[in-house]
Structure formats: C-alpha cells, structure tokens
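K.L.:
Here TrEMBL flags 1-22, 94-181 as region 'Disordered'. Taken from TrEMBL, the feature domain 'PDZ' covers 1-78. The compositional bias 'Low complexity' annotation in TrEMBL covers 111-129. If you look up TrEMBL, you'll see 171-181 marked as compositional bias 'Basic and acidic residues'.
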Amino acid sequence: MKKGTSGYGFNLHSEKSKPGQYIRAVDEDSPAQRAGLRPQDKIIQVNGRSVIGLQHSEVVAAIKAGGDSTSLLVVDAESEEFFNRCRVLPTEAHVTGPLPEPASEEEAKPKVSVSSSASSASSTASLPAEVERAPRAAPAADSLGLSMSLAEAKEKARQKRAAKKAPTMDWSKRNELFGNL
C-alpha cells in the first residue's frame, strides 16, 4: 500500500479483552480503503514481519519504518476464528496456497492468553500498505451444528441436561444419608 498525502488512512487500536492490533477506522478514499482494509481487521504482519505480541507503539513504528510504502497481512474476525480452530498462525502462504485443516478435539490443548495493554491512541500516520487478506474459510455446517433442526437441537440440549443431573433419591434414603452426618 502506498502512502497518500494524509498517510495511509486508517487508525490502529488494541483492546484489553483480546490480544493484537486492530484497524479501528478506515478513511474514505484512502490508500487503506483502496487496499481493502476494514474496521476490526486484525494485523498479523507488517512488511513480512509478525507483529503478534507487539505493543501498539511497536506496530506503529514497524508501519512507519516502511517509508512511503508498507505491506500488511490482515485477517477479519471470521478468518481469525478459523485459523484459531486450526491452531495455525496465518501467513502470506495462506493467501494463495492451501488452507489448514481444523484441529480435532482430541488434539485440543489449553490456550495461554496473552494480555496486551489497551491503547485508545490512534495512529494517524498514513502508511502505504499492500494488504494481503487471508482467505475466508467456509465453515463446515456440521461443526456448529447448523444442519440440525430446532427440534433436534432442543432434544440434544435436554439430553445434555439430563446427563448432568444427579440421580433421583427417595426421601427416606435422603433423610437417612443426611441423618448419619
């Protein structure tokens, strides 16, 4: 993306509730808009370098270091969710190459949450960037249970609740049990 007269035309921000740097706003008729940046896109790489775990000021510095042109790899919320399910960090190879397969539940490992400080300061520096958007993956209908009818979903929920209930006990047995305490 080439820098315009008033910069790249987007604001950068981070949130306490989720790690990473996000596009807050995209100016009309700006290099960022022409490159396809949208609000809430997450920045993964700047000029081929991962910015995961970097602070707001470090990401702004990386964008400014590109001079009059910068290259950004961003993902939208849907793509980020897909790559998280696959336990894969999006790269430029995913833009044109094959997409990873979602990881199975048996392989699930606890995730460590990294907190980043929130910054309400926006970067008004216009940075030209070639935006490479990771492709949107079509989620499998079965993974979310969307292929179920409403009646099937209600029955499945009822069965889950029934499985979690303690076995019923008659009053005399309950009285005897608590009487022994």
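For all residues, glycine too, the Cβ spot is worked out from N, Cα and C.
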K.L.:
Using DSSP, how many residues of the compositional bias 'Basic and acidic residues' (171-181) fall into helix, strand and coil, respectively?
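P.N.:
The counts are 9 helix, 0 strand, 2 coil.
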K.L.:
Using DSSP, how many residues in the domain 'PDZ' (1-78) fall into helix, strand and coil?
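P.N.:
Summed by class, the stretch gives 16 helix, 32 strand, 30 coil.
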